[in-house]
Amino acid sequence: SGSDSDSEDSSLSDSELQEAFSRGELKPGLNVVLEDRPKRRNDTNGLKQCLSEFRKQLAWVERLDVTSGQVVDPVSQSASDKDAVDPENDFQREMSFYRQAQAAVLEALPKLHKLQVHTRRPDDYFAEMAKSDQQMQKIRQKLKSKQEAMERSEKAKQLRAMRKYGKKVQTEILQRRQKEKKNMLNAVKKYQKGLSDKLDFLDEEQTTSQGNKKGSTSQRIKKGPNAKRRYKNQKFGFGGKKKGSKWNTKESFNDVSSFRSKVAHNKGTGKGGKKALNKRPGKRARQKMKNRAR
């Protein structure tokens, strides 16, 4: 309590010292301590005189002051009483402010139109912005960075959800496979013990394997032959009749376009020429020669 009184005295003494210093009653280094606190006065007449000086009898277009209540509620078709507004209810309080402003606008607009005052901004109106372009650019960059961060977080959430869903599907597939395997093993044990004479589990397994094979063949048909198969088909053909393919026919017998006289009479330098005579005999010919020598 003593410290509070000291602080109050010091604050009062400071103000009094400043006033005394402005009047010239104090000199540098001189302090005056007031024994009694100054009495506060309620000068009503002075306040009224100041108010009369402030008040100016101007035209309404210079003042633009409107005093009105709330506009009629279109739902209830009645103006809501201000006492009925709950100050703790944010929505109700803001709606009362909005309706009061709306009533003031509806009352002021006809007066402005009567005084021929324009209430709409022209299309070619140009007003300089209060903020500079550099500051607006910074604000745009900040908003853009926030938006990108929100998009990244949303993508991360989606990825986490997809991973959870993938894990869930994988666990369900594994559980289903384990269940099928367990059922098949139980059926095999029952068949081995003679408790059952049905082999339905084998048929089910065969049908599933056939279904997988059909799926794979359909995929192959869709994809088509690979590059190696296409090359072999181009080189060797697509099969067909092999027996009798080298038999002579009437047309091939009469066709003498491939006849070479030099090759036929050993006059050429190819396989049937003189150089071919010095060629080593084949394995069978050498075997025959050995047998004759014996």
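Here the Cβ of each residue, glycine as well, is placed from N, Cα and C on the backbone.
If you check TrEMBL, you get these features:
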- 1-11: compositional bias 'Acidic residues' (COMPBIAS)
- 34-43: compositional bias 'Basic and acidic residues' (COMPBIAS)
- 145-157: compositional bias 'Basic and acidic residues' (COMPBIAS)
- 158-167: compositional bias 'Basic residues' (COMPBIAS)
- 207-219: compositional bias 'Polar residues' (COMPBIAS)
- 220-233: compositional bias 'Basic residues' (COMPBIAS)
- 272-294: compositional bias 'Basic residues' (COMPBIAS)
- 1-46: region 'Disordered' (REGION)
- 131-170: region 'Disordered' (REGION)
- 202-294: region 'Disordered' (REGION)
Composition by DSSP (helix, strand, coil) of residues within the compositional bias 'Basic and acidic residues' (34-43): 0 helix, 0 strand, 10 coil
Secondary structure content of the region 'Disordered' (131-170), with strand meaning DSSP E or B: 38 helix, 0 strand, 2 coil
